[in-house]
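Visitor: As annotated in TrEMBL:
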type	residues	note
COILED	25-52	coiled coil
DOMAIN	148-288	domain 'CHASE'
TRANSMEM	307-329	transmembrane segment
DOMAIN	378-415	domain 'PAS'
DOMAIN	460-512	domain 'PAC'
DOMAIN	530-747	domain 'Histidine kinase'
DOMAIN	769-883	domain 'Response regulatory'
MOD_RES	ASP818	4-aspartylphosphate
Amino acid sequence: MDNSKKSFQLAKTLVLPALTFMVSLFIAQSLNEQARRENQQLVQEKLDLEVLQLTEHIKDKLILYQYGLQGLKATIEMLGVENFDHRQMTAYSLSRDFEKEFFGARGLGYIRLVQPHVVDDFLATARADRPDKTFDIRQLNPHSNSLFVIQYILPEGRNREAIGLDIGSESLRRNAALKAIETNSVQLTAPITLVQADEKVKHGFLILSPIYQDVSKQTPIGWTYAPLLIEEILSALISLNDRLNLYISDIEASKETLFFSHLAPNSTATQFKSTFELPLYGRTWHIEVVANESFIFDNHLEFRSQVFYEALGLASIIVLFILLLQLIYSRRIQRISYANELAKIKEQTLEKVNFELEKQVDERTKEIQKINLLQQSILNSSSYAIIAADVKGIITLFNPAAEKLLGYNKDEVIGVQTPAIFHIESEIIEKAKELSEELKQDIQPGFDVFIIKSKSGKPDVNNWTYVHKSGSKIPVRLSVTCLKNKEQEIFGYLGIVYDISQEIAHEKSLSQAKELAEKASQAKAEFLANMSHEIRTPMNGLIGTLQLLKNEALSENSSDMLSKALYSSELLLTIINDILDFSKLESGKLKIEKRVFNLHKLAEHIRSECSVTARSKGLDFQVDDRATHQFWEGDTIRIRQILLNLINNAIKFTENGTVKVTIEENDDGSGLIFTVQDTGIGMSQETLSRLFHRFEQADQSTTRKYGGTGLGLSITKSLIDLMDGDIEARSRLNKGSTFTVNIPANKSFTGDNEVSEEEISVPDLNHAKILVVEDNKVNQYVAKGILQQVNADISFAENGLEAVEAVQTSDFDLILMDIQMPIMDGLEACKIIKENHRDIPIIALTANAFDEDKQHYLSNGFDGYLPKPIDQQLLFRELLRLVKVPNELNNPM
């Protein structure tokens with residue numbers, strides 16, 4: 001019973017909606033059919049109007065071109081054909097604005113009718129008429145009839161190909177021209193390809209107007225004409241768009257030639273179209289326009305076609321509305337029954353929420369209390385003084401560290417004082433001036449001095465002098481930051497202060513220590529310079545005397561002893577140089593110089609210098625130069641020093657076997673690799689680990705057996721580090737050692753600019769006059785012995801004053817000047833001599849062997865520099881460079 005009642009109730013509910021829907025559907029179908037018929041009629045009417053407007057525009061445009069032809073024709077007839085020339089044509093064109101008056105035409109011209117028997121005369125006249133004196137007739141097809149030659153057309157720039165064309169050589173052009181003469185009317189050609197727009201096949205036309213000799217119209221003499229392109233005509237008439245597809249054909253007899261079509265992109269054609277046949281100057285054009293979907297849309301026709309769906313939708317809405325009303329009614333009773341139950345549920349939920357909120361508030365209050373206790377604990381236990389102030393400068397926080405630092409109780413300052421009571425007024429005034437200059441604004445002495453930078457978001461950390469309650473002064477560092485609320489509004493400022501008394505004392509002690517270290521370094525440098533001078537002076541006498549002794553005839557035993565003495569003295573000089581290099585490296589004064597050097601020449605020098613020592617010990621010495629590039633950039637002197645240190649060590653610690661040097665390029669050509677390999681005594685791994693430390697050798701027995709200071713490899717490592725290179729040592733005890741040095745270097749392609757180091761013969765100075773200024777008798781003797789070899793006339797002075805006086809009374813070709821001398825030193829003497837005798841070359845002869853000494857002397861007027869002990873080869877090079885030999889002779893002895 002219940003089921004049947006429910007079914008009846010459901011059927012009763014659906015009757016009214018179903019009846020309403022059926023009636024609405026019938027009405028919608030009727031309205032839709034009516035709208036479809038109205039739309040079709042409206043589309044066709046609008047399409048016919050589009051075609052009519054298009055044809056009218058085409059006719060109007062061609063009539064405009066006809067007016068242009070008639071205007072030129074009237075000018076020619078007025079002047080007379082025999083008087084109309086290129087100048088007249090140009091003048092006519094200047095009187096008209098073609099682009100505005102005849103927009104769409106490519107030009108306006110004159111075609112001359114030329115009989116075959118007068119072609120030569122016509123060509124001569126036409127050529128003489130043109131400014132460039134050139135004119136030729138071109139034909140599309142050869143023929144023997146009269147010629148229709150384009151003589152003038154303007155503008156010529158885009159119509160140059162048409163000048164001289166015989167239009168009578170092509171049938172379509174010729175037929176239209178003849179028809180114009182026969183009918184004495186303007187004629188249009190069939191679609192052709194213009195010679196000046198040959199890429200537009202069958203898109204061109206000629207419009208021609210005949211010209212006669214006299215008013216009888218019996219004797220034609222030519223035509224005025226205009227070349228046309230259908231695209232340019234239409235672009236001047238309408239803006240083709242995606243609403244329509246356009247097709248234009250030329251009709252002749254039963255033949256129809258399509259010469260123009262415009263298909264709208266991205267649009268679909270419909271079944272609606274309109275056609276029209278347009279007669280134009282002897283031709284008939286068939287114009288067809290097809291509507292696209294966008295044409296329908298632009299005319300809002302698609303909305304009319306939607307009547308059916310709108311009515312159907314409206315019916316559906318009504319049905320749904322009825323169903324909704326019935327549903328609302330049925331649900332209303334349910335809502336009333338649910339209302340009481342829902343109210344009860346809300347009440348229970350609200351009670352539960354209130355309980356949870358109270359619980360959360362209690363928990364949050366406890367958390368806040370913990371945070372406050374933590375913050376207070378931080379403030380109380382902080383070793384930094386923490387002081388806060390509001391925006392007016394009144395102190396709002398003063399922690400125990402601040403009380404301890406300044407002697408005030410927090411109750412004395414919070415809410416009462418500003419930070420000004422801790423500061424010295426003069427410091428505040430001075431800081432205001434500094435801030436005014438820094439921030440480019442006027443800062444007055446006061447609270448702004450402390451907060452102006454932090455207020456603008458800049459870091460603000462400054463040193464101040466705080467005044468203790470007792471009056472004592474405390475140097476402090478104060479850091480100030482802004483205090484902001486959630487809205488980023490400033491509600492106060494926080495200052496963190498710490499005592500920097502100990503820091504200042506520490507900095508003072510560091511400064512004093514630095515000053516003492518610098519004084520010690522200076523004293524050490526002065527000591528080394530003085531020791532270098534004091535040692536090199538007797539060394540100069542020793543080595544110089546031994547070198548002079550080599551020139552004497554000695555017994556074999558004496559010569560052997562002399563060689564040993566020279567070797568020992570040179571070894572001593574090497575030790576001295578190592579000590580000096582060590583000192584410069586330690587003080588950071590040793591500089592690396594980059595210059596171009598010849599790598600192959602360096603290899604030869606190494607082979608030459610070390611082979612004698614190696615042979616004296618019975619060793620096989622090899623130099624394997626594998627580098628392919630010859631010239632490199634680097635400090636050749638220091639590279640040579642590195643190699644000699646490693647090679648001499650290898651020779652020293654090798655009793656028999658081989659010492660081999662290998663030179664090669666990096667794989668990428670970015671540097672050089674030097675390998676020194678020996679078959680000597682080798683080293684243990686423990687010894688290798690401290691090999692490059694200063695004053696280190698394998699053990700004391702090594703020092704006793706082989707000698708040395710232990711500085712060589714330390715200096716070598718430091719030099720390599722200065723060059724951004726690296727060194728690797730591998731060794732096996734009693735098997736030998738291998739040292740590999742990798743030095744970054746750039747290839748040079750400019751050639752070798754280093755001074756040649758090949759040994760030179762003793763030069764002949766041909767009695768050049770040389771003044772030796774030296775206070776040491778032994779050094780005078782050595783200098784005299786060397787200079788006598790070069791055939792020089794030698795004079796001596798024992799101090800700078802004697803040198804100055806000697807130059808006043810004698811002419812000298814060169815002066816060798818010692819630096820440290822009594823009465824007047826070499827620097828002062830050089831300065832005085834150069835004032836009046838700038839052309840006399842002066843060489844500094846000194847025991848000061850540092851690089852900075854050399855630069856100092858060269859920058860103070862000296863022309864050259866020779867360190868003591870004197871190297872004869874270096875002296876010979878300087879003599880050859882600076883001495884102008886009398887009679888220009890410079891033959892070796």
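Each Cβ is built from the backbone N, Cα and C atoms, and glycine gets one as well.
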Visitor: Helix, strand or coil: which one is ASP818 (4-aspartylphosphate) in, per DSSP?
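Guide: Reduced to three states, the DSSP call for ASP818 (4-aspartylphosphate) is strand.
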Visitor: Can you work out whether the domain 'PAS' (378-415) touches the domain 'CHASE' (148-288), with the criterion being 3+ CB pairs under 8 Å where the paired residues are 6 or more apart along the chain?
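Guide: Since fewer than 3 Cβ pairs under 8 Å link them, the domain 'PAS' (378-415) and the domain 'CHASE' (148-288) do not come into contact.
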Visitor: For the domain 'CHASE' (148-288), give the DSSP counts of helix residues, strand residues and coil residues.
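Guide: Secondary-structure breakdown of the domain 'CHASE' (148-288): 30 helix, 66 strand, 45 coil.
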Visitor: What is the number of residues in the domain 'PAC' (460-512) that are helix, strand and coil, as DSSP sees it?
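Guide: So the counts come to 12 helix, 29 strand, 12 coil.
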Visitor: Might you list, by sequence position, any residue in that chain lying six or more from ASP818 (4-aspartylphosphate) with a Cβ less than 8 Å away from its Cβ?
Guide: VAL773, GLU774, ASP775, ASN776, ASN779, GLY826, LEU845, THR846
